[in-house]
Amino acid sequence: MTKLSVNINKVATIRNSRGGNVPNVVQFAKDAQSYGAQGITIHPRPDERHIKYQDAYDLKPEVYTEYNIEGNPIDKFTKMVLEIKPTQVTLVPDAVDAITSNAGWDTIKHKDFLVEKIQEFKAQGIRTSIFVDPDVKQIEGAKATGTDRIELYTESYAHEYAQGNKEAIKPFVDCAKLANEIGLGVNAGHDLSLDNIQFFKENIPGLLEVSIGHALISESLYLGVENVIQMYLNKLK
Ligand SMILES: CC(=O)[C@@H](O)[C@H](O)COP(=O)(O)O
Ligand SMILES: NCC(=O)COP(=O)(O)O
């Protein structure tokens with residue numbers, strides 16, 4: 001089974017544009033779960049332009065499914081995750097000024113840093129995942145860090161699929177097969193959508209979780225949040 005974790009960053013982006021509390025991100029998370037989402041993902045960035053650190057604390061008592069916090073483990077982020085103790089932390093090597101995530105970790109070059117961070121989180125019972133490009137060398141490197149899971153960075157798949165190039169799935173299949181063999185759980189995310197999710201799910205062995213935000217919120221403008229979540233759940237069966 002592949003779990004759907006709804007990324008609510010975009011809900012916070014709309015809220016922040018007016019400075020009040022509309023839409024309410026905590027209520028949105030509660031509603032998404034009641035509509036069947038099996039997880040809530042947030043990705044606070046250092047400039048707090050969408051999800052704010054305070055949101056991460058406010059969400060904790062209301063997320064009764066899987067709570068996934070993504071981000072670059074700078075000191076402030078690490079402290080927050082260790083205090084909140086979500087179900088999962090996903091480490092992403094974002095530059096401070098990145099518009100959105102645009103690369104996975106070099107798990108070989110940054111092995112020592114990742115080992116240290118992963119031990120810190122796992123010691124508090126938090127499942128770990130690291131964001132990686134679809135490159136088997138990076139999957140082997142990820143295994144050596146001690147992480148529980150990887151999150152495959154799916155931007156290249158999403159882009160190519162939209163151009164009609166279904167072959168773009170191949171490196172993801174190879175990485176997932178290797179991850180399954182060596183005992184790493186497989187998550188995936190970035191630019192997944194109602195258009196491309198089913199083909200991805202059908203071809204990736206052992207896909208445990210997808211986190212989806214930008215497309216899901218955009219599709220909901222036309223189709224409604226509850227309906228869109230149901231549509232994803234049907235495609236992920
Ligand atoms: C790691 C990943 O792919 C997502 O978390 C994505 O980066 C969402 O972040 P933004 O909402 O800031 O684009
Ligand atoms: N980890 C990926 C994520 O949370 C959502 O990415 P996107 O759907 O907003 O591109």
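Numbering starts at 1 and runs along the chain as displayed.
The backbone N, Cα and C atoms fix where each Cβ goes, and this holds for glycine too.
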Per TrEMBL, member of ASP47, ASP55, ASP191 binding 3-amino-2-oxopropyl phosphate alongside ASN7, ARG18, GLY213, HIS214: ASP191
Recorded positions near ligand 1 among HIS43, GLU70, THR100, GLU151, HIS190 (Cβ under 6 Å): HIS43, GLU70, THR100, HIS190
Looking only at Cβ atoms, how many others are within 10 Å of the one on GLU70 (active site, proton acceptor)? 28
Among ARG18, HIS50, THR100, ASP191, which binding-site residues lie by ligand 2, judged by Cβ under 6 Å to any atom? ASP191
For HIS43 (active site, proton acceptor), find which of the recorded positions HIS50, GLU151, HIS190 come within 10 Å, Cα to Cα. HIS50
Can you count the other CB atoms that lie within 10 A of the CB of HIS43 (active site, proton acceptor)? 23
Looking at the recorded positions HIS50, GLU70, GLU151, whose Cα is closest in space to that of HIS214 (3-amino-2-oxopropyl phosphate binding site)? HIS50
